Each structure stands twice: as C-alpha cells, then as structure tokens.
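Trainee: Residues or ranges marked as ATP binding site by Swiss-Prot on the basis of sequence analysis: 121, 139, 140, 141, 142, 143, 570. Here Swiss-Prot flags 994, 996, 1005, 1006 as Zn(2+) binding site. Under the heading region 'Disordered', Swiss-Prot lists 945-975.
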C-alpha cells in the first residue's frame, strides 16, 4: 500500500534533488570561465567573493545591529535570536555567491590535486550548505564534497568546522583539501589531542610518514591559531572538550574556540546518534578510591543466574526464580532475587534484623550494584579491553577503544577491581555536555554519511536536520544475498569459515565484519587452524588500521574487522598503490627517506602496475565479498558494512550469517516464534542454512524494535539534558560576560547592597521582632566587610536613632567608601611592586587592571565552585528521580521542577559566595602583596650583607642560574627581616605546568630567559598564601 502511495505522490527526495538542477546548471556554465583564469586570478577571486559578501550583507547587518543595540547580548536567549536573524541575512548572500564559489573550488581542485567534482558531488555540497544531511554511498567522495560548502561558508569570515570520528581521518582530510584551500588564499587548521597545526606547504614535518603528502605539511601552532583558520578539521571529542575547557578558563585570552558558526559532521549517524548517549565530561579527582570496590568484587563471585524471568513469575508460569540474580538484556540491568539477597547478606555478615536496603547500608548498595554489573553484565573483550594495566572502554558501535573515557558512578572502578588492576580514585564532574546539545549550538549544521535514511525521524525530531539521498555517480551493482540462519553459533561460525575458504580459493578478497572483539577472535582462530593468512582489525589493534583497510581489496585478502562503521578509508579493488611503495623500495634496498627521485619513481610505477593488474583479476573474480557474522542492533550499521563493497560501480556481494544465540536475537528477537519457524522448515540438520522471507522479516522486526528502544533512550537523555543545558547556557553566558567585562565593580557592589537590604529587613524592619536588632545587623555587615570593624564606634554613632531605611542608606554609603578605599590601597601596593620590576600576575600590567582582574577572579571562582557542586547534586537528582514514578508522578516533570528550584538556589549561592568573600579575599591580597615587598627587601638586604654591590638599590635581584633539564627557584622566607633566612627550593621540570597558572608549560612561560624575577615573586605570593591558609 505504501509503495503505491509513494508512486502516486512521487519520491520527495527526488523532488529535492531536482530543485537543485538550475543551480547545478549555473555552476557548470561557469566552468569554461574558471578554466580561462590563471592561478593568481583564481586566488584573487576569493578576495572578490569576500568583498561582495560584505557588500551584500552590510545594510541588513547594520539594521540588525541597531535593533539589538540596547539588548543584552550576553543573555543566551537574546544571542540565539540574534544569530538566527543573522544566519538568514548571511545565507541569502552566500546563496547568491554559491555558483561562483563552487565553480571556483572545482577548478582549483582539478588543478591542485587532479580531482574534479562530479555533478552529484555538487548536489551533495548544496545539501550540506543548506544545513541538511547528505546520504552518500561509500566511495562517492564525501571529503571532496565537503570542500565546497566549507569554502563557501568560510567566506563569511566566521570559521567553518569539519568534524570526523578520529584524529587520523581529520588529519588526512585536512591535509588532502588543504592544498585546494591554500591555492585559493584560505587557511586550514587541524586539532587533535594535545596537538594543533596549520597546513603549510613550505613546512615538512620530520615525524610524519614521508610518502603521504597529506600528513607532512602540518606546521604545529597554538590551538587558538588552528581555530582562527578559515577551516578547521578535528574530532567530535576535541571540539566538545575545547568548548568545555573554554568555559573553565580564568582569562579571556585562554579561550581557543571562536563562535560555533558552521559545521559539517562526517559519519553523522555515528556521532549524533551512536555516541549521543555518551556525555563529554571533564572531571577532577574527588576522595581516594574506596577498598570496598575490591571487597565487593570478591563477594559477588560465584552467584547463579536465574533462567526464569520476572514476567514468568508475575504471570504465574513459574513459582519462583531458580537463581541468585536475573539480567534484563534490553536495559543491561541486573537485579538480585530473594535467594541472591540472602546470600549477599550472609557474605557481608549483616547483623540479624538488618538487610542490604536499610538506610544505614545505602552506601553498600552502591558498591554491590556496580560489582554485580562489572561481574555479570560487562564482559572483557566485548565491552572493554585491558591494555597496559588499564581498563579501556570499547565503543559498542565502532569497535574502537576509547582511551581516557571512563564509566561514571563507580562502574569503572568496579570493573578495575574485577580485572585486578589499579583501582583509580573516583572523580567529581567539573563540566559536562552531550554531543546532542553541543552540536545544536552551531548556527548551521550539515552532515554526511553513507547511511542516514533509516534514522531520518530522529535527525528531524532532535536536530531539525533533513536527510537527502544523493544519487550515485555510477550505478551500484553489488549483490546482497539473503541471510543464512542457524540454530547455534557453532554451526554459524563453521558456515562462515566455509564461505571464506570458497571466496579465497577463487581469488576474491573477503571482509568479515563482527560486532565484538570476542567474535572477531573466534573467526581469527578458525582461520589460523586452517592455515589461512589474514588481518585482524579490532579494538586491540588499530595503529595500522588505515593501511589494513586500504589493502583489504587485494587478491585473496582476508580481513576481519570489528564494526566497520566509521572506518573512513575506501577499500580499493586490487589494493592502494600508496601503501605498496615502501615494499618496493625495500626490495630496492632503500627507504622512503633515503630513496633517490629515480628509485621513488620506479617504486611508484611498479606499485601502480601491480595494483592495476590485481584490480582486473579481482573484478573478474566478482569483487569484494562482505560477510557479516551477525546482525547489528541498527540496520544502518549493517548497511554500512555492506556498503564497503560495490563502490563506484565495482562488482561485489554481501551476506550475513545469523544464529539464534546471537545477542540481538536473545535480547530483542521473539525467539520462540523464530524457533517454531525453523523447526517447520529444517530437517534437523544444524549445519544446513535456512533462507526464508519470514525469518528475514522476524530478524528485521527485532532490529526495528531495538532501534525504537534506543531512540526512546536517546530522546529520554536529551529531554533530561535539555533542562541542564538551558542552565548551562545561562552560567556560561555569565562567565563570558565576566571574562569580557572591564569593570565588575558596579555589579559586585550591587550584590553587596542587595544583601545589606535583606539584612536591614531581617534585623531592623522585621515585625516578628520585639525591637530592631542593630547588633545583629552590624554582625552581618562586618561579616561582609571585615574592614568596617575598625570603624565600629563611629558606625554605632551614625546609626543611633535612625530608621531602618536610613541605616540601610548609610550602610550602602559606608560600603561604597570601603570599596573605593580598598581599590586605592591595592593599586598603590601593586604600583610599588611594578616600579621595583616585579609583575606578580602575568599579563596584568597596571594597578587598575589588577583590581579588575581580582574582581573577575572572585566572580569566576564563585561561579565555578558552585557550578561543580550543582552538577554533582543534579546528577544525583537525575539518578534517583525514577522513584517518583512509584508515587504516580511523571519523573521528567518532577526532575524539571526540582532542577529549576535547585538552579534558583545555585544563583543565590553564587551571589552569597561573592558577597561574603570579596572584601575578605581583598584583605588577604593586601597581606600577600605586602609579603612580596618584604621578601624583596629581605633578599636585597641579604645580598648587601653577603658582600653585594656597595651601590645596591631596590632594583630586582639578579636571576638565579638555571639547571640542566629543569630549574631551581629559591624563595626567601625572611618575612621582612634582613638576617639570612631558611631557603625554599622548588624544582620545576621544563615540561611541567608553569606555577603562574597560565596553563602553559614552564619552558614556554616563566622558564624563558628574563622571567626569573617575576617567577620568584609569584612563588613568594603562593608560599605566603599557603602559610596564611595553614594558620587559618
């Protein structure tokens, strides 16, 4: 019925593509004109396009700025509205420039890298520019397609980001497109973990693989510089973490990202759907890890799993469970049965009358639940691997290891205890965001993938992104065979082995896709027993990933890969000549770095000839054959695996092998129904495969159920995270306003005055009191401004006989005087130090700048400390909110209500922290600055006493000599006395963080020549402060 309806209404996707034909015709008509231009004229075209863009947007932009002139742009809602209107203005101008810009990039690409964009690639570029998702089959050139909208949107001068799934793909993609952009006068940046670079054709990276021109021209630069490039390539993790780090900095110049203007997400389904449930978290150490993790890991061993489900007990089909615990495979949760609970209570030696879930044992249940999950739900070589004594999570969708990622809420510690590796201390969340909310902050977002249409509903509902299927340049001729279905995994793996051998014997390359490390090693061991050479690519070995995948199309090659989704490297029939050059050079007795130009040319020609000969042989044999060892939870990941074969019109085929013992079938399949079908169709031979449309539908139905379940979970995550996301936007917008503000004094004074007004009402104008409590009011006033205690007698006289409102006015006046006096005193002290050649705070060069810096630090410190506490509290609220369902309340509604109440408390806590700390911390700074003065005077006196220059003045002392491989800095503890004092020696490694808290390494900051005196002053301040804290 639906197919008939589709024919009647027409294919909406075809209509979208057809609408782009006039634009495509315009682009093609410009091709002869572009070909006639010289290289220099092509480059000049970029500047011309930028000028035209500025002219096209000028009037509307000025009108927009005028309308928002009186608005608070630091308000996240106002800024969003502004950016929406600005996007309409800019997109209208870019749409007008699109044909010329695309034609320009096409011509530059043809000249620089020898690749001309096909018409279908132009259509893909238009889709991406419009902020949609382009579904493009494997081998259709997504990297090249992205160059078109990246260039066009970079014309606006606000940056354009290309986001990929791993560092290698980002580096290769940027290095391949970099020459195109460079020829057109645009810069390309690259960000990775602890590394950032700019594409520079005149720079050669000595550490890069020299035979790959895409990797050698990355010149290291600051992260800020990489983001300021016209286009920036990087991974989703790096962009997200940089955003979080930017919202934790203490100085504006420490921010690295600019506005989130335009982004293209490669493998968009992987990043925005598969990883949507995994939040990015920056955490810091909390308390030391508890011994209870090891204790409970030992206690939970040896429990028996129940084969009876709660449904069977609830429906009366079974009397009781037959084990100690049962597992809900769908939600991956584990629950103790009554017998299991009794076992655990005995093992814990709980007193009679006590049980695990008594309030006093609440903490123990946390360890118990995590230990049970670690022991029985999370499996080694499936959910994680152990590498170098560490538990490393394996991405369930891509099969990649995720170093640095840790499960939260103690689960990671429980797994570490299970594996008998070091149990690391637990963490507290400092900042967090989900990919869903990070990418929704971009003004415009596009995406590319080979498989998106099955998730079109989710892309539309959560990200407001439409999926458009881009036609292939050549027709796909791959043959997708029906699934082979078996009752047992043993029979299935035997069939997989037979099929691999059959394909190998006729010279066809085979790619075996598995869903876990465990299953990939099962296949690998079967092949070893048969003596068949093969490559194994899983979470344990991905260093040579790109090379292995690139050569997977060679004659008779056998490659086993865990979840091919997102691998990002094309499998070329016959192999990739680039990867064979080193082999031929080795045969010539040389290497890539030592080869002569003649040897290099000979190796390249030989590799190309070998590949071409193999390509013909492989194509005649039938091309690449794909084997899936089981169906994935999502149909699109199956499609991604299939899509590795049959690229750009090449021959190929695919088949999936399934058993009823596969995880998908046990968790989501209706096993009883499928078993009955199989019994009717089989003759009892387990080794005989079954092919049936009914069975195929049953399996597809299981996949549809799991897709629906996972969509609901992700929607659930985003609904909850949206609450915190709005609050995060408010907090981060406030931080940005503070970082960019020159003077926060008025705002701080306003907070102080508000607090005084509260206490006026509480102590002086409170009808519940018998009489005004002036003493109580003064206590609060002195706790806010301790400096006023010195004026106690004078203030008592001024307040005597006054009404509440008059006292409030006098108190406000007195506080403002104290504030101004404090600013003047700190300014005088800071000026004195500057005159003596010491700058206690790097980058703060004047007395006014110092006081403004101090005010900002007070406000940022209050926000950050309270926000960290709030994140912990709101996470605990979220974990426990499910209990309200018992009281028949909607958990989401209850969570929103409580979270908004907590957020109001957070704002009040921030204000209180600023109000009650500001004057106290300022007084401490006065003490610290005076201490630095005394330290300097003591060192000067010491130098004179020790026979220094007779003409010694109050200039800064000579710098201490630097040691080899590090530095020793001596800080006197003389505290103003001229006599020799005990010295404190602080050793700082060249690569250690600089003690000035700039975030830079020591060697690049105060380890530079001429910075010694300044460093001594900083260390003196820190030392004095540490002493002061100790005394408190």
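Just so you know, the numbers here start at 1 and follow the chain as drawn.
Glycine is treated like the rest: Cβ placed from N, Cα and C.
Since the structure is predicted, the reported quantities are computational estimates derived from the model, not experimental observations.
I'd like these features described in context: how deep, what's nearby, how far apart.
Mentor: Residue 143 (ATP binding site) falls within a helix when secondary structure is assigned with DSSP.
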Trainee: Taking the Cα atoms as reference points, how far is residue 121 (ATP binding site) from residue 1005 (Zn(2+) binding site) in Å?
Mentor: 47
Trainee: Cβ within 8 Å of the ATP site's Cβ centroid: which residues qualify beyond 121, 139, 140, 141, 142, 143, 570?
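Mentor: The answer, listed by sequence position, is 136, 138, 144, 145.
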Trainee: Counting other Cβ atoms within 10 Å, pick out the least crowded of the binding-site residues 121, 143.
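Mentor: Counting other Cβ atoms within 10 Å of each of the binding-site residues 121, 143, the minimum falls on 143.
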Trainee: Please identify which of 139, 141 has the densest Cβ environment, defined as other Cβ atoms within 10 Å, among these binding-site residues.
Mentor: 139
Trainee: Within 10 Å of each Cβ, count the other Cβ atoms, then let me know which of the binding-site residues 140, 570 comes out lowest.
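Mentor: Per-residue Cβ counts within 10 Å for the binding-site residues 140, 570 bottom out at 570.
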Trainee: Count the Cβ atoms, other than its own, that fall within 10 Å of the Cβ of residue 142 (ATP binding site), considering every protein chain shown.
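Mentor: A 10 Å sphere around the Cβ of residue 142 (ATP binding site) contains 23 other Cβ atoms.
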Trainee: Listed ATP-binding residues 121, 139, 140, 141, 142, 143, 570 - what's their greatest C-alpha to C-alpha distance in Å?
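Mentor: So the binding residues stretch over 17 Å, Cα to Cα.
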Trainee: Nearest of the binding-site residues to residue 1005 (Zn(2+) binding site) by CA-CA distance, picking from 139, 140, 142, 143, 570?
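Mentor: Sorting the binding-site residues by distance from residue 1005 (Zn(2+) binding site), the top entry is 143.
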